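Here the structure comes first, spelled out in structure tokens, and everything after it is commentary.
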Amino acid sequence: MSDDVALPLQFTEAAANKVKSLIADEDNPNLKLRVYITGGGCSGFQYGFTFDDQVNDGDMTIEKQGVGLVVDPMSLQYLVGGAVDYTEGLEGSRFVVTNPNAKSTCGCGSSFSI
């Protein structure tokens, strides 16, 4: 997808740069960062991240800087209007999701409720 189309989920430059550097360390240039939502965590839902070289029917792929972010349709419905970013700070470095649909979040930042 091109950068000038309104996307339901944003993939920041910082996240794309980190994905690019992590993929460079692997022996599979087809890897993409998959973000997904599962039940669990202290607030009811939690974010998950994994590298995947498969894109399934219905998945949305967002390309930035030559790397891809993949989201399944079930997870995407909870992420519309959000952003996947990468931060480095005192708590360490990690991929984070900014989600305007979350009514509350856990202190860890990976768990939320709708």
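Placement of Cβ uses the backbone N, Cα and C atoms for every residue, glycine included.
Caution: TrEMBL annotation is automatic and unverified by curators.
Quantities reported herein were computed from a predicted structural model and do not represent experimental measurements.
Marked as domain 'Core' by TrEMBL: 9-109. Feature annotation from TrEMBL assigns iron-sulfur cluster binding site to Cys42, Cys106, Cys108.
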For the domain 'Core' (9-109), residues assigned helix / strand / coil by DSSP: 19 helix, 46 strand, 36 coil
Arithmetic mean of per-residue pLDDT over the domain 'Core' (9-109): 87
